[in-house]
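Novice: Take this structure, written in C-alpha cells, and hold onto it; I'll ask about it next.
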Amino acid sequence: MQISLYQKNLADWTGSIIAVGLLEGQIQEQLSLLEEICDYDSLLTHVEEKDFSAKAGELIKLEILGKSLEKIILIGLGKPEALSIDDLREGAALASRASIGSKGKIGILFPWEPFNPISASKAVAEAMRLSIFKDLRFQSEPKPQNNPQSIDLIGLPESNHNIIKEVDPICSGVELARELVAAPPNELTPAALAEKAVEIAKKFKWNYKILNRKECEKEGMGAYLAVSQGSDLEPQFIHLTYKPNGQIKRRIAMVGKGLTFDSGGYNLKVGASQIEMMKYDMGGSAAVIGAARAIGELAPVDTEVHFIVAACENMVNGSAVHPGDIIKASNGTTIEINNTDAEGRLTLADALIYACKLEPDAIVDLATLTGACVIALGEEIAGLWVESDELANELKDASSACGEKLWRMPLQASYKEGLKSMLADIKNTGPRSGGSITAALFLKEFISNGIKWAHIDIAGTCWTDKDRGIDPAGATGFGVRTLVNWACKSNPDIEK
C-alpha cells in the first residue's frame with residue numbers, strides 16, 4: 001500500500017474514490033469542498049435520500065457522481081465538539097474496508113484542522129493499512145482480497161512525508177506480531193519463535209543469544225524450566241540486543257511472555273477457559289518481537305534495547321510439574337506452585353531476573369497474564385502496573401499517541417498477603433479476588449532495587465473475535481506500537 005500526502009488543489013486530484021469524513025451539523029458545509037470534482041447537487045440529494053446524519057460509525061457509498069470519480073464514501077465522525085484522533089482512526093478503518101476491491105487511487109478527506117498534522121497523518125495511515133490485514137497462510141486455496149494500493153491523504157502538508165515513511169516499519173511489526181499470535185501451536189513452536197527472532201537479529205546485524213535447556217539450567221532458571229518440563233519441545237530463551245550508533249543515554253528491556261501453547265498443566269484448562277485458543281498465550285512475546293522488527297528499521301537514537309522472551313509450552317506428561325511442587329527461581333526465591341495454570345508468571349520471573357542483570361534503566365513486560373484483567377478492563381484496554389510515575393507517563397504518552405489504551409492499576413502492597421506460603425518464600429497465585437493485582441505483585445518480587453519496571457497485562461487486548469476499530473478479527477498485535485513509540489521517543493520524527 002502506497003500512502004502519500006496531497007496538498008494541492010482538490011480540482012487537480014486524480015483518483016477513482018474519495019472518502020470524506022463528516023461531522024454532525026456540518027454536512028452541507030463540508031461537502032461543498034467536493035463541488036469541483038463531482039455533481040454537487042446530485043450528491044446532496046443522495047445524502048438526503050439516505051438520511052445520512054454523520055453519526056459516528058455511519059457510512060454510505062455513492063456510485064459514479066460525475067467527472068473522474070467512480071465512488072464517494074461518506075463516513076460519520078460524530079459531534080464536532082467530541083472529535084478525537086481516535087475518531088479519525090475509526091473513520092479511516094471504515095474507509096479502508098469499504099474500499100476493498102477497488103482498483104484506482106483513493107483519496108481521504110477528513111477534518112484535519114483540530115489536530116497536529118503529524119499525529120493525524122500517522123494515525124490515519126496506520127489505520128488504513130492495519131484495518132485490512134488478512135492472514136491467508138493456512139488456507140489450501142487462498143483467495144487474496146483486492147486491497148487498495150494507492151491512497152492520498154488530501155489536505156495534509158506534503159512536508160510531513162517523512163512521518164509516512166515510519167508507518168511501513170511500524171505496521172510491518174504489528175503484522176508480524178499478528179501472524180505469530182495467529183499461527184497454530186503445531187507451527188509456532190518455541191524453536192520456531194526463536195528462529196523468527198534470530199532472523200530479525202541477523203537482518204539488522206544485532207547480537208543475540210538463544211539459550212537451550214542446559215544453558216538455562218546453568219543460569220538456575222528453575223521457575224521457567226519447571227513450566228517447560230511437561231513438554232517434549234525444548235524451551236528457547238531468547239535475547240536480542242539493539243545498540244545505536246553514537247552515545248548511549250538510555251538502556252531499556254522489553255520482556256514478553258512466550259507460552260506458545262498453554263494447556264494449563266495438571267490444572268487443566270476446561271470448559272470456558274478456551275484451551276483451543278491458548279496459542280495466543282505468547283501474545284506478549286509477539287509484541288516484543290514485532291517491536292524488534294520495527295525498531296530495527298527505525299533505529300532509536302541514544303537508546304539501547306534488549307528484547308527478552310522465555311519461550312516454552314505448558315503441557316501435561318509424566319514429567320510435568322505438580323500442583324504443590326516447590327521450585328527455585330534464578331535469584332534463589334523458592335516458589336510453591338499451587339496452580340500449574342498460573343505458569344506465565346513463573347517463566348517471567350526468570351526472564352525478569354535475567355533482564356535485571358543487564359542493569360537497564362527500565363524494564364517493561366507484556367503478558368497475556370490474567371483473566372481477572374479481562375474482567376476488570378474488557379477487551380479494548382490493557383492493564384498497566386508501575387510504581388514509577390515517570391515510567392508510567394512515558395508509557396501512557398507512547399500508548400495514547402498510537403491509540404493503544406492502557407489503564408494504570410494499583411500495586412496494592414497489602415494484597416501480597418495472599419501470596420504467602422507456609423513452606424516456600426511465595427506462592428504463585430493468591431485468592432481469586434484481585435487476581436490481576438496479585439499477579440503483578442508476584443512479578444515485582446523478581447525486580448532488582450533501583451530498576452524501574454512496568455507490567456502490561458494484554459490478556460483481553462491481544463485477540464478480537466470480530467472487526468474492532470483498526471483491528472480485523474483475529475490477532476491484534478497490541479503493544480507493538482506502544483513499545484516502538486517508547487523506544488523511539490528521542491527520534492526527531494517519532495510522534496511524542
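The backbone N, Cα and C atoms fix where each Cβ goes, and this holds for glycine too.
Pulled the feature table from Swiss-Prot, pasting it below:
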ACT_SITE  Lys269  active site
ACT_SITE  Arg345  active site
BINDING   Lys257, Asp262, Asp281, Glu343  Mn(2+) 2 binding site
BINDING   Asp262, Asp341, Glu343  Mn(2+) 1 binding site
Novice: Starting from each candidate's C-beta and looking 10 angstroms out, tell me which of the recorded positions Lys257, Lys269, Arg345 has the most other C-beta atoms.
Specialist: Lys257
Novice: With H, G and I counted as helix, E and B as strand and the rest as coil, say where DSSP puts Lys269 (active site).
Specialist: coil
Novice: Given a separation of at least six residues and a C-beta threshold under 8 Å, show me what packs close to Asp341 (Mn(2+) 1 binding site) in the same chain.
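Specialist: Looking at Cβ-Cβ distances below 8 Å from Asp341 (Mn(2+) 1 binding site), excluding near sequence neighbours, one finds Asp262, Gly264, Gly265, Asn267, Leu268, Lys269, Asn314.
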Novice: DSSP on Lys257 (Mn(2+) 2 binding site), three-state: which is it?
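Specialist: DSSP call for Lys257 (Mn(2+) 2 binding site): strand.
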Novice: For the recorded Mn(2+) 2 site, enumerate neighbouring residues of the same chain (Cβ within 8 Å of the Cβ centroid of Lys257, Asp262, Asp281, Glu343, site residues themselves excluded), in sequence order.
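Specialist: What remains near the Cβ centre is Val227, Gly258, Leu259, Met278, Met282, Asn314, Gly344, Thr347, Ala367, Thr368.
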Novice: Count the other Cβ atoms sitting within 10 Å of the Cβ of Asp281 (Mn(2+) 2 binding site), across every protein chain shown.
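Specialist: Result for Asp281 (Mn(2+) 2 binding site): 26 other Cβ atoms within 10 Å.
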Novice: Restricting to the same chain and to sequence separations of six or more, state which residues have a Cβ under 8 Å from that of Glu343 (Mn(2+) 2 binding site).
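Specialist: Expected: Val227, Leu259, Asp262, Gly265, Asn314.
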Novice: Taking the center of the Cβ atoms of Asp262, Asp341, Glu343 at the recorded Mn(2+) 1 site, which other residues in this chain have a Cβ no more than 8 Å from that point?
Specialist: Val227, Leu259, Ser263, Gly264, Gly265, Asn267, Lys269, Met278, Asp281, Asn314, Thr340, Ala342, Gly344
Novice: Can you grab the distance from Arg345 (active site) over to Lys257 (Mn(2+) 2 binding site)? Cα atoms, rounded to a whole Å.
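Specialist: Roughly 8 Å, rounded to the nearest whole number.
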Novice: Looking only at Cβ atoms, how many others are within 10 Å of the one on Asp262 (Mn(2+) 2 binding site)?
Specialist: 27
Novice: Any idea what DSSP makes of Glu343 (Mn(2+) 2 binding site), helix, strand or coil?
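Specialist: Looking at the DSSP assignment, Glu343 (Mn(2+) 2 binding site) belongs to neither helix nor strand, so coil.
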